Structure formats: structure tokens, C-alpha cells
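Engineer: Checked Swiss-Prot, it gives:
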ACT_SITE  CYS84  active site, nucleophile
ACT_SITE  HIS171  active site
ACT_SITE  GLU173  active site
BINDING   SER225, GLY226, GLY227, VAL228, ASP229, SER230, SER231  ATP binding site
DOMAIN    7-197  domain 'Glutamine amidotransferase type-1'
DOMAIN    198-387  domain 'GMPS ATP-PPase'
Amino acid sequence: MAKPHETILVLDFGGQYNQLIARRVRELHVYCEMHPYTISVDAIREMNPKGIIFTGGPASVYEEKAPAVDPAIYDLGIPILGICYGMQLMVNQLGGKVGRAESREYGKASLTITASEGPFAGMEGDVQCWMSHGDKVEVLPHGFVGSGKTDHAPFAAMADPVRRFYGVQFHPEVRHTPQGMDMMRNFLFGVCGCTGEWTMENFIEEQVAAIRARVGSGKVLCALSGGVDSSVAALLVHRAVGEQLTCVYVDHGFMRLNESERIIKTFRDELGMNLIAVEASERFMAKVAGVSDPETKRKSIGNEFIRVFEEEAAKLGQVDFLVQGTLYPDVVESGTSTAETIKTHHNVGGLPEDMKFELIEPLRTLFKDEVREVGQRLGLPEDIVWRQPFPGPGLAIRVLGEITKESLDILRHADDIVFQEIKKAGLYRQIWQSFVVLPTTVRSVGVMGDGRTYEYPAILRAVTSDDAMTADWARLPYELLEKISNRIVNEVKGVNRVVYDITSKPPGTIEWE
């Protein structure tokens, strides 16, 4: 079905900033979709996009089997912006020449604008940009003019205003290109003729109508975790079909302090939704008893969740649809043609293939910040809208080693202290995730009072991120770190040392397991 809104098509060549391109387009209130570069010309015609963006990628266009689009795309009469590899591909396919650069360009560079065309409309002189490439354009295709240059790249940008084809060798989508959003705005509104009419209000209206039409009189089931993703998905479906939706919340015993009680109260009492709460902590503890391998933990918990969920679903009789809070980054991180699977993801592919439900994934095209906005507009309580991401297996993968009731209690208490202090410092919304990891296979010597102690260290992890695809360790104030450390060591029995993890992603992941 054709999209009801003006659409920008982003073609994915495997670059590290590709999702960021889509995010920037959405920030300008223009709907966009990302598709593999192998998409057919017929599919593009059916989509009828206002413009196409070719992303960056790790390949070189002159290599054998380098990713390339169907050349017929250039005959559609649709504006195209090529970014980094995307620009080089345009050059290569349209008759120009790309070669290896004498010196690579990585990081900040000064771009001299030589033609105020397309993305550079209204700009002149030198602007800062972010480069990440080892190849350069040597000869422009017929019809193009150079529109920007750097010390190492004579054609750092190009323009063919007649066909509305543009290319930039740098990355306008990253914050390190300060005028990058202006360039994106110029392309979307000036070149493609977009009006910026896509909003979260529109999204809600359209999703509610689409869900209502699809479900009809059918019964809908939702596995509710209490996180922002499944909560917003459930609330959106509830807005569409009301009592036809039943939510199942499985308390596996690995939640944070008082979290299960808060989830049940919110959805059953405050939001008036049909909620079945299953207390299954003993079942889950039995499944992970003696298990220390992280992937085995994840799979054991995931499999047991499926069994509990299936049992509850069977009690409801005929159910036609299943709601999942899948987001766009979930799909990418669980593996696509251009992104390797990093670890078993708890949302995507977590339910058995033989379950006789049709999937409803109303948030599948959204990023986390958009989901939060939808939640706010639907009236979801602030503490859930801004709840930090929490892994499906919960605290089970934050206890390194075997899980016991004692280790879970220690971790819960320490984690709650971090939550309290970060919130009190006014930093909770600025931080993507902040939590404690408890390595039960390690003990450290300490001195408390007049005696020596031999207890667990607690690892504090706090990161900043836009979408969890990349993350940086949070520069928490020393005074806050000191307060957290003092409270944990003094108030949590079993911990005598606190350390702070200052690893970014990559090379690390946000979670330890």
C-alpha cells in the first residue's frame, strides 16, 4: 500500500551512520524508510518517494561485487543525494571515476563551498564537516559540477541541478558537521519539495485506524514487559481495539526493586487495561540454577518465558493477533544483510514460529525517541515513558556468574541506590542507561571498621546514547560517583568496593552479558 505521506527512501549500503540519516530526516518531520540497496525499481515506483538518499558504506566502488543500485533508478526523475560511498557510487555508475586517495580523510575537515547548489543553498565560504573515507572522486560524471572541496578532496561535493542529483563526500547527518541539518533541510525542502507534515499525532491516528481495520472483531494478546516499547505498543493497540486486547505480564523474578508492583498498578488500575499478571519467579530460578554462561541464561529465560506465555494464551481460547514492541534498531541489531547479529535479542524472533498468531508490531518503524513521544501523547505515566531500557532477562544477566536469591537481593539494592541518586541529581533523562553489574565470581579485600572484609565489587555502568547502536560512557560528576559509592558500600551488605566502567560501544556492548 502506498504511504499516505510524502516519503524519503534511504538506501542502505552498510555504513555506520545509516540509521542516523533516517533519524535526521524524521527530525525534520518528513517520513522516511530505509531499505536495502537491492530494492527493485518497481518497488521504488510503487513507493513514489519524494527523494532518495544513498548512504555510506565500507566498500570501494571499484572493487568486484561492490554494492550497486539498479542503474534504472537514475531514470525515475527522483532527486538523489549520495553520502560518502553513496556519492562515489553515483560517480561510478554515471560515468565518472573514483580512485584510492593518497591520504585518507577521517574526522573533522574544512569544506570550501564552491557552488551554492542543492544542499548548499544559501551557504558559502568554509564550513566544518566530518569525513570518513579512503577513496576520492577523480573525474565527475557528465552534467555534474564540483560544489565543495577540501585540502585532500578536490570534489568533496558535486551537483547536477538539472537532474537534481547531489553528492557529498562527508557525513551531514552527524553532529560533527554543524551545518549538516541545514544541508539536509535544503535537500528535503528545497530540492525534493517536502513540506514536513509527518508528526507523531499523524502516526498515532494512522496506526489506530490501521490496527482497528486489521483486527476487526479479533482477539489480541500482548506480552507486556513494563518497558517503554511494549507499554507504548500495548497502549496504542488498546486505543484502537479496547477490551479486545489482553496483556500478559510475566514476573520472572529478575525485575528491579518494586518494579512488578508498579507495572501491575499502572496498567490494571490506572490505565484500565485487561492485564493477567503471572508470578513465575520460582520457575525461572529453577531454569537458571547453576548456569553461569550468559547466552545460556538468555536462552533459558527466553524459552521459559515462551512456555509460561503459551500456557496463559491457551487459557484465553482463540487469540488472533500478538502485539510486540519491536523497534527499528531491534531489527537491525538482530541481523540484516548489512548488520551482523551481535547477541540474541530478546524482542525479535523470541517467540516460537508455530504460535498461531498474526503479529502486530505498531512501533517497528520508530526510533526510541519517537516511541517516547508517542507514549507521552497517549498519556502513559512519565516514569514509564522515560524508563531506561532494560534487558528482557532482567537482572539475571547483570549477575555475572551463577544466580542466587542472595546475589539478586544485593544487586537490586545497589541498583536502586544508583537509580535514586541519578534521579536526585537531575540526570536520569540525560543518561541512556545506568545500572549495577555484580560479578559473583570475584571478591575483593576491604577494610570496614576494625576488620578486613572479603566481599563482592559492584560495577557501575552509565552510558549516553541516542539509539543504543553506539554509546559513550557518561561523564558523571565526581561528587555523584562518590555519593553512589559511599551509599552502596555502607548500605548494601555483601559489597565492599565500587568501580566505574568507562568503556564505550563499540568496542564494548552496553550490557556485560
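Cβ from N, Cα, C; glycine included.
Show me how these features fit into the shown structure, please.
Structural biologist: DSSP classifies CYS84 (active site, nucleophile) as coil under the three-state reduction.
Within 10 Å of the C-beta atom of HIS171 (active site) sit 24 other C-beta atoms, taking all shown protein chains into account.
All chains included, 26 other C-beta atoms sit within 10 angstroms of the C-beta of GLU173 (active site).
For GLY227 (ATP binding site), the same-chain residues that are 6 or more apart in sequence and have a Cβ closer than 8 Å to its Cβ are GLY325, ARG387, PRO389, PHE390.
Regional average pLDDT for the domain 'GMPS ATP-PPase' (198-387) in the model is 86.
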Engineer: So how many other Cβ atoms are close to GLY226 (ATP binding site), meaning within 10 Å of its Cβ?
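Structural biologist: If we count other Cβ atoms within 10 Å of GLY226 (ATP binding site), we arrive at 21.
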